[in-house]
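Novice: A single structure is presented below for examination.
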Amino acid sequence: MAADQEQEQEQRRRLLDVASRFPLPTGCRFSYGTAGFRADGATMAPAVCRAGILAALRSLKLAGAAVGIVITASHNPIGDNGVKIADPDGGMMDQQWEPFAAALANAPDPDALLQLVLQFVKDEGIPLGGHHTAQVLLGRDTRPTGEYLLDAALQGINAILGAQAIDMGILTTPQLHWMVRSKNKGIKASESDYFTQLINSFRRMLELLPKDKGGDELAKKLIVDGANGIGGVKLEQIKAELSGLDIIVRNSGKEGEGILNHLCGADFVQKERVTPHGFGPEDVGVRCASLDGDADRLIYFQMSSSSDNKVDLVDGDKILSLFALFIREQLDVINNNGSQVDKSLPARLGIVQTAYANGASTQFLKGLGLEVVFTPTGVKYLHKKALEYDIGIYFEANGHGTVVFSEDFISQLESLSNDLSSQAANCSAQYHAAMRLMAATQLINQAVGDALSGLLLVEAILQYKRWSFQNWCELYSDLPSRQLKVKVVDRSSIVTTDAETKVSQPSSLQELIDKETGKNQINYIMQRNGSVLHSLKYNTRRVSVFDIQIVMSLQPTIPKGDALCVHLVQKMWYECMPRHLRRWKPIVLRNLWHTMWNAFLDNHLQPCLRFCLG
């Protein structure tokens, strides 16, 4: 009993001590986003330290299963940093713990933090006190604040008695997630094991290419924009071992080559639709790919002309479509083989998208007879839904996504492969299709979106199908779309339903949208997207930002889409304005629509929505 009391006192002392060393900055409040916390790197130490406490408690709750922490701000500027927490399955931390994570990160003083932890462990039945062990795997990217924040995380983990921190080094975010998943499955989980699995499964997929499909040397050349981040560093390490693919890495993260995520990276290319820094006229006609700073996003592009820096873009929607085509084709070969071998592989294949997906991709996938479902924006929602299928494929347009295979499906696939390999059927199309699927389950990172594994799977499939970049682009034509940000005082005043495709409050807003867009509308989304500081009439105030995206079937030119988007937003403004202010409409139309659009948004739309919603 005395020993238990001593451990309890020691645990209290450690928590108070670490909270004192990392006090919450005055006026600072951390918000838990899609996967964790992010802010200016110089202010992140308290949140990262407390994330260490959280991860250790999570591991204790789950009987000592390994949990992960990766210190990164992904595709954001180099001055930012953040922390993401990986659950034992390699996915995002359970959403039920997010409120506690936010409360812990914002505990105002050491006593408040201690009481919060003690109450939480009591409510959750967590065995605090050193009788059980916890293990937390740590990784970080190449940001200058990473080493300092790693130490903060270590101190947070060590504040929990019995917790063990394992520093896995400088990694991509997907590598850390893969390591957590592998460790909990009893599989070797070092970085070299990760590389070996990728290289071997990619080689196996190339060995399974049909004999009449080889591709030319130009098709095997790939230029990769590494965003001056950790992904470029890792790709440089393994590219020589990727036989059948000639990879050139630009913005590789080498000193002096450029700044992390600055004018480069998947987010930049996808949004701006121009070449990243370091690309020029000599790259016209060559297939190119772009990663983001922590290598969990992937997009493809190609320069079609040397006269400008515009690109033809293949985003996450078309990557998803390529994967779906390939997997569907292998399943069809297995289940409709027409051979003497009576074997089949029943599987429910599901496609998971968000409302940000271009409507043309959804129509294309449904046209193949595939089941397509929608979730709210955020990988944690997509991944959870994908797990409901034997094979779930999800991608966001930004290039973040993966393929997940159920354990039951993999078991059946292994059994089928073994049966076929032991018979004369081991040279059949059915056997090769089964082996391609098996190699794909090893190549893709099933824990989380992974730009490196995704890139290799894309390249293997393109060689298998003997497709050029242009063949891939021509799968379907994207519908014209435009995305803009609208500033409002209180973003909670707009409530959406049906995976953010419909506005429920205020009801008049959805009625207006339906009236203005009619049958021309394919997709519509209003997405809460954080807060920004905004200066209005010389008073700095915090307002919220909504991403609004409208995807239309208007053909053939995008400017028509622009015009409708402008008209819709203007109508939203005009209809919501108090009657005595509507006389401003002709002035707005004449002087602002075409020459001062940004001023229109800042000076007119924002106060109008404040009148309507605030």
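Cβ coordinates are placed from backbone N, Cα and C, and glycine is handled just like the others.
All TrEMBL annotations are machine predictions without curation.
Pulled these features from TrEMBL for this protein:
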{"type": "DOMAIN", "residues": "60-96", "note": "domain 'Alpha-D-phosphohexomutase alpha/beta/alpha'"}
{"type": "ACT_SITE", "residues": "SER74", "note": "active site, phosphoserine intermediate"}
{"type": "BINDING", "residues": "SER74, ASP292, ASP294, ASP296", "note": "Mg(2+) binding site"}
{"type": "DOMAIN", "residues": "131-184", "note": "domain 'Alpha-D-phosphohexomutase alpha/beta/alpha'"}
{"type": "DOMAIN", "residues": "189-298", "note": "domain 'Phosphoacetylglucosamine mutase AMG1'"}
{"type": "DOMAIN", "residues": "315-467", "note": "domain 'Phosphoacetylglucosamine mutase AMG1'"}
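For the listed features, I'd like the structural context: burial, neighbours, distances.
Specialist: Outside the domain 'Alpha-D-phosphohexomutase alpha/beta/alpha' (60-96), and at least 6 residues removed from its termini, the chain residues within Cβ reach (under 8 Å) are 34-42, 44, 47-48, 51-52, 54, 124-128, 132-141, 143-146, 149-150, 153, 160, 162-163, 171, 173, 176-184, 227, 259-262, 265-267, 292-294, 296-297, 379-380, 383-384, 446-448.
On its own chain, SER74 (active site, phosphoserine intermediate) has ARG38, GLY82, THR173, ASP292, GLY293, ASP294, ASP296, ARG297 as residues at least 6 apart in sequence with a Cβ closer than 8 Å to its own Cβ.
When the domain 'Alpha-D-phosphohexomutase alpha/beta/alpha' (131-184) is classified with DSSP, helix, strand and coil residues number 25 helix, 15 strand, 14 coil.
Within the model, the domain 'Phosphoacetylglucosamine mutase AMG1' (315-467) shows a mean pLDDT value of 92, rounded to a whole number.
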Novice: Work out, from DSSP, the number of helix, strand and coil residues along the domain 'Phosphoacetylglucosamine mutase AMG1' (189-298).
Specialist: 42 helix, 16 strand, 52 coil
Novice: Counting across all protein chains present, how many other Cβ atoms fall within 10 Å of the Cβ of ASP296 (Mg(2+) binding site)?
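Specialist: Its Cβ shell of radius 10 Å holds 33 other Cβ atoms.
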Novice: Ten-angstrom check, please: count other Cβ atoms within 10 Å of the Cβ of ASP292 (Mg(2+) binding site), all chains counted.
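Specialist: Around the Cβ of ASP292 (Mg(2+) binding site), 34 other Cβ atoms lie within 10 Å.
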